[in-house]
Amino acid sequence: MWFKIQVLVLAITLITLGIQAEPNSSPNNPLIVEEDRAECAAVYERCGKGYKRCCEERPCKCNIVMDNCTCKKFISELFGFGK
């Protein structure tokens with residue numbers, strides 16, 4: 001009888017923890033993805049040290065003295081193939 005009570009209490013505890021857990025904390029959460037986009041630079045915007053990082057892991061190209069850095073398109077995008 002004592003074992004059944006312990007199992008019941010454990011089950012109720014796990015159910016309560018499951019209900020109280022954050023509903024969608026996955027890295028693909030749309031709110032997190034949208035927040036990341038707000039913190040990144042689009043194509044041909046400034047990027048690099050002191051600026052935002054490039055969206056969609058685009059390359060951040062700088063001139064020879066490492067200033068005037070901008071986000072560039074992927075090579076495949078230049079030919080119209082997408083990412």
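Every residue, even glycine, has its Cβ placed from backbone N, Cα and C.
Checking the candidates CYS40, CYS47 against Swiss-Prot, the cysteine paired with CYS60 through a disulfide bond is CYS47. Swiss-Prot records a disulfide bond between CYS54 and CYS71, which is the match among CYS69, CYS71. Classification of CYS71 (disulfide bond) by DSSP places it within a strand. Of all the disulfide-bonded residues listed here (CYS47, CYS54, CYS60, CYS62, CYS69), it is CYS62 whose C-beta has the fewest other C-beta atoms within 10 angstroms. Separation of the C-alpha atoms of CYS60 (disulfide bond) and CYS71 (disulfide bond): 4 Å, rounded to the nearest whole number.
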